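Participant: Handing you a structure now.
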Amino acid sequence: MAKPNALSLYQKVELQRPLQRALDVTIFFLLLALLAYRLLLVRTHGLCWLYAIAFLCESWFAFFWALTANLTWTPVHYQTYPQRLLKRVEELPPVDVFITTTDPMLEPPIITINTVLSLLAVEYPANKLACYVSDDGCSPLTFYSLSEALKFAKIWVPFCKKYRVEVRAPFRYFSDDLSSAGSSEFQYEWRRMKDAYDTLNQRIDAAAKSFTFSDLVGDLTDFSNTKPNNHAPIIKVIWENKEGIEDGLPHLVYVSREKRPNITHHNKAGAMNVLTRVSGLMTNAPYMMNLDCDMYVNNPDVILQAMCLFKDPIIHGEYAFIQFPQCFYNGLRDDPFANQWIIMMQLMMRGMAGIQGTAYMGTGCIHRRNVLYGQSPNEANINEKHYDDELYKTFGVSKDFVTSATRVLRSVEDYPNCLADSIKATHEVATTDYEHDSHWGSKVGWQYGSVVEDVLTGMLIHKKGWKSAYIVPTPPAFLGCAPSGGPIPLNHHKRAITGLLETLISKNSPIVTALSDNLQFRQRMFYLWIYLASVQAIPEICYALLPAFCLIANFHFLPKVQEPVICIPLLLFVLFVLRQMLGYIETDQSVRAWWNNHRMDMIKSMCACLLGVVAVLLKILGLSETTFEVTKKESASSSDDTESSDRDLGRFTFDESPMFVPITTITMIQLAALAIGFLGTQPGRREFGVGEVTCSAWLVLCFWPILKGMFAKGSYGLPRSTLFKSSALAFLFVYLCPTSTE
């Protein structure tokens, strides 16, 4: 490893992974060899639809494997040096932070205020920081909780900085009893903080249980007669650091944009664009960080670490955004639902960072404001002669906002001094009709047209030629709440698949714009890998049905045991498993974690991916619209986890969703095929299809939670309606399979 440059604020280190590269190449050539075998079969035995389907599926697998190998081929790691930053940069730049929440029932306010409190306490000058909380549910409870949290923040933030507290989200910090640790002064202060936080928690819980419209007095009167989908914009400055005190509290602003029935509001992307405009009028910081309401700041130096790349004089202006990994504090042992994304965050995202840059993941990211305003890397700052008409067409009709946007695009550091002076103007840019006849959502801000607005927005930034970086600090920058249970992560995956497929078939597809954008070739392969994952279910389901069909109909689609070519699929299986397990070993995970993630990948493909494809097809046909589903958040602490509770929480649960019908049907088909194969009920069977039996048995093992759900009861069992539909479909498949007597 090269010695870090004494003048550099960061170091970019290429990670060497020769064994993984060798396995990637070997697997790819084995896939090509399998395709060659298929072509030889056609030449010697003639064209058969069974071999044709196998050839098409295996061709897809080979192509997709090439995309996957490209993704992990040149991983890099960024090492930052915040200490050098503080010595070299005279004045740190302002940062606006956006926190988004939607539904106080699905996203309890206590979670949101913990994220806010952790942010207010970061190691960054308070007079350079502003926190904007977007409440898309227009909940008086959320506003009340933030107002109460401010009172606690006035004692919590000084406590954190005085004792250099590492974990600055109170609900996590107080999960450990430190009342007997440190000096007597610390013990007294700790108990005082704990009592104050418990009081805050009790007030919010009491308000959640008994809140009525008669309680809407004072600042809460603006919430009278409001509904989540029908209200005027509400923007309130909860706290303003008027004196610009560096060690005080950052600005805290509540934002609830206008909503009206039957008017499209573009979900999270729309909320982010409103926050961008409101903050542009109030503080207009050149950098913007966004967080989901459950992603609290776990590393107090996170903003300083990002500034090491943004402010490095050697590459100044090269990166459009800095992405941090999504990590979780409530992950179950061995990741039974594959929702901790460790392989994605630790390996794949580092591989992306080695190309043109990692994707934008929608949270834990710091953007340059001028980039989201549509500026390209080599585009000169706009001058005085820039036509006002063009600016109004781009940014909307607000003269005040166009003026603030012009300052950003001219790189003028002129920030507003008083937030209250901007309140009237902010209401104008938070209305439902402000974006009409403007470029918001298309050329400016967060992009519309997909429920995964984050990936789309990041891709369009990369298409302009910008780069991005990926920092993995220790401890993790942010920690969030991982969804638990069976249907929840599957619904989350279905939403992602739906959004990815929407983009793949849109005008923004990396295929459509191949000749007109500035994506690097390997970066385009990376985005193809992301978007084509949305249709991965189709070849996987087809291939999963082939061994069952062969066992039922007395056919073969795999080489026979006595044929030397059997070593190709056998080696493919062994090397693929080895390649996967190496990643889990590299990230300090167990073999059980690998198995859980492998089977969940299969389950997600057969459940969520398939329904995501169906949802987009229905949208194309005009029969339905895709919807943005908010994931339920739960507050938990690792200290509450025990081995027994892990086992209980790790059990798969089911509901009435049609999502479970396809995979239950496939499981039943595999069981029927194995029974027919072992019992030998087909007439004229000459030999046993060992390869086909192995494939079917492997699938049954992968779908073991589904098999258990067939016989369990309650939420751990499959509903009768699902069992009935799947049984009928499985019987129909077996009945329609032709039987060969050759």
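Residue 1 is the first one shown; counting continues down the chain.
Backbone N, Cα and C define each Cβ position, glycine as well.
These came from TrEMBL, pasted as-is:
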- ASP136: active site (ACT_SITE)
- ASP454: active site (ACT_SITE)
- GLU107, ASP136: UDP-alpha-D-glucose binding site (BINDING)
- LYS268, ASP292: Mn(2+) binding site (BINDING)
- 22-41: transmembrane segment (TRANSMEM)
- 48-67: transmembrane segment (TRANSMEM)
- 526-553: transmembrane segment (TRANSMEM)
- 565-582: transmembrane segment (TRANSMEM)
- 602-623: transmembrane segment (TRANSMEM)
- 659-679: transmembrane segment (TRANSMEM)
- 691-711: transmembrane segment (TRANSMEM)
Participant: When a 10 Å sphere is centred on the Cβ of ASP292 (Mn(2+) binding site), how many other Cβ atoms does it contain?
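Facilitator: Other Cβ atoms within 10 Å of ASP292 (Mn(2+) binding site): 23.
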Participant: Is it true that the transmembrane segment (22-41) and the transmembrane segment (526-553) have 3 or more Cβ pairs under 8 Å, skipping pairs fewer than 6 apart in sequence?
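Facilitator: No, since the transmembrane segment (22-41) and the transmembrane segment (526-553) share fewer than 3 Cβ pairs closer than 8 Å, they do not count as touching.
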Participant: By Cβ distance under 8 Å, which residues at least 6 away from the ends of the transmembrane segment (691-711) in the same chain are close to it?
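Facilitator: Sequence-remote neighbours of the transmembrane segment (691-711) are 486, 544, 546-548, 550-551, 556-561, 566, 569, 598-599, 602-603, 606, 652, 654, 660, 663-664, 666-667, 670-671, 673-674, 677-678, 717-718, 723.
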Participant: Answer with yes or no whether the transmembrane segment (526-553) touches the transmembrane segment (602-623) by the criterion of at least three Cβ pairs under 8 A, sequence separation 6 or more.
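Facilitator: They do touch: at least three Cβ pairs between the two stretches lie under 8 Å.
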Participant: What's the number of neighbouring CB atoms sitting within 10 A of the CB on ASP136 (active site)?
Facilitator: 24
Participant: Across all the protein chains here, work out how many other Cβ atoms are within 10 Å of the Cβ of ASP454 (active site).
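Facilitator: Other Cβ atoms found within 10 Å: 24.
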Participant: Would you kindly give the Cα-Cα distance separating ASP292 (Mn(2+) binding site) and GLU107 (UDP-alpha-D-glucose binding site), rounded to the nearest Å?
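Facilitator: Here the two Cα atoms are 10 Å apart.
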Participant: What whole-number Å value do you get for the CA-CA distance of ASP292 (Mn(2+) binding site) and ASP454 (active site)?
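Facilitator: On Cα coordinates alone, these residues lie 12 Å apart.
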Participant: Using the alpha carbons only, what distance in Å do you get between LYS268 (Mn(2+) binding site) and ASP136 (active site) once rounded?
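Facilitator: Here the two Cα atoms are 9 Å apart.
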Participant: Tell me the Cβ neighbour count for GLU107 (UDP-alpha-D-glucose binding site), meaning other Cβ atoms within 10 Å of its Cβ, over all protein chains shown.
Facilitator: 26
